[in-house]
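According to TrEMBL, the features are:
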type: REGION; residues: 65-99; note: region 'Disordered'
type: COMPBIAS; residues: 88-99; note: compositional bias 'Basic and acidic residues'
type: TRANSMEM; residues: 107-128; note: transmembrane segment
type: TRANSMEM; residues: 148-170; note: transmembrane segment
type: TRANSMEM; residues: 177-196; note: transmembrane segment
type: TRANSMEM; residues: 202-222; note: transmembrane segment
type: TRANSMEM; residues: 234-254; note: transmembrane segment
type: TRANSMEM; residues: 266-289; note: transmembrane segment
type: TRANSMEM; residues: 310-331; note: transmembrane segment
type: TRANSMEM; residues: 343-361; note: transmembrane segment
type: TRANSMEM; residues: 373-394; note: transmembrane segment
type: TRANSMEM; residues: 400-423; note: transmembrane segment
type: TRANSMEM; residues: 435-452; note: transmembrane segment
């Protein structure tokens, strides 16, 4: 009997039905069987009990594994992760589908709205050289250029530094509220600038309030674009950021002509009203992908400060920021110091921003194929090299024009590619915080460079004095 019960292929799946059978056999063996038969039956009974217990444990473990697997699948479906998997060459393979967005119309409208927002905000910020040149000969003609440049320096620093807090709010509430407040701050700052007469008034209106308004429009716009796209994220960002380059072309020429025809006050108000309408359209068209609404951001997003990749990118961006924006602020003054006419000096600034339009789009498209980090490093290096070369050789209008176009191209590549680089190494639910925090870190070296460059501008305006 024991040999039958323990033979291969024989297994009792239900000890409740097996025990009566064994009991009957045990009874029969007690009546008619020998002691050996009873021993075999007792051994079989113990064997069945052990095997039945093992079966229960295996079944219970299988049920637990099945339940855990289902829980993980449900969690993944509820909170889809867009964090990419980085390959050996530095490029990434997105863990999600080729595109995050499920509504292409909203995605393309978001690009359009971000383009308009950056056209008005960062585009006009790139044209600060126009205001500085005007101030030195009109409202603030009693102040030197380095003192006037504090307005632009504060403008840029407030814009950069506001990125972290704005990004955190964006992750929790989305872009609509932030961009609405940003539009109000932006238009109000321009209107207050148009009626300012004292230096401190320009500092508060065009420096602090304008920088805050730009930040409230800039960060939600770019972060929203990143939530809609994965594979072509850099291309989409480049198209949006191209608005800032185009604004840098339009505003210097437009403002210079308006200053001469209708005066500073009305010229500034006209630009403010125009930008108010365009920013209003941006507020209505910029949205986020639905996948970002599943889980609000937490302050734990600051854990990126402990991530080597993120901090190395921040360190590299800080080094670039030490000189990236100086040419946009001082190229007009530099051109005039070379004897170039005021009109052509503004044309040089416009050409620099025109180069930036192509620099924001073409490298971004290319980076989606060869890797965003692979393109960020060489373009940043070439932008820095061009500053060094121009300081030594750009002493005529023709050479200055060549420098301006090339520098606009390569510096524009840095501006358009660094944001997709941050998004590439980030969870989509923390994308606003991580992009904004990156710019907050960059704000300090950018301010240091602007302050040091204004001191150099005071001491030396021409290459002959270097």
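Just so it is clear, glycine is given a Cβ too, placed from its N, Cα and C backbone atoms.
Segment contact is absent for the transmembrane segment (310-331) and the transmembrane segment (202-222), given fewer than three CB pairs below 8 angstroms at sequence separation of 6 or more.
In this chain, the transmembrane segment (373-394) does not touch the transmembrane segment (234-254); fewer than three CB pairs sit within less than 8 A of each other, excluding pairs fewer than 6 residues apart.
Same-chain residues lying 6+ beyond the ends of the transmembrane segment (400-423) with a Cβ under 8 Å from its Cβ atoms: 222, 226, 233-234, 237-238, 241-242, 244-245, 310, 313, 317, 320, 324, 327, 331, 334-335, 338, 340, 348-349, 351-361, 363-364, 367, 372-373, 375-376, 379-380, 382-383, 386-387, 389-390, 394, 431, 434-435, 438. Beyond its flanks by at least six residues, the transmembrane segment (266-289) meets 100-102, 106-107, 109-110, 112-114, 116-117, 119-121, 124, 174-176, 179-180, 182-183, 186-187, 190-191, 193-194, 217, 220-221, 223-224, 227-228, 251, 254-255, 258-259, 428 of its own chain at Cβ-Cβ distances under 8 Å. Between the transmembrane segment (148-170) and the listed ranges 107-128, 177-196, 343-361, 435-452, the one holding the most Cβ pairs under 8 Å is 435-452. The listed stretches are 107-128, 177-196, 202-222, 343-361; of these, 202-222 has the most Cβ pairs under 8 Å to the transmembrane segment (435-452). In this chain, the transmembrane segment (202-222) lies in contact with the transmembrane segment (107-128); the count of Cβ pairs under 8 Å, excluding pairs fewer than 6 apart in sequence, is at least 3.
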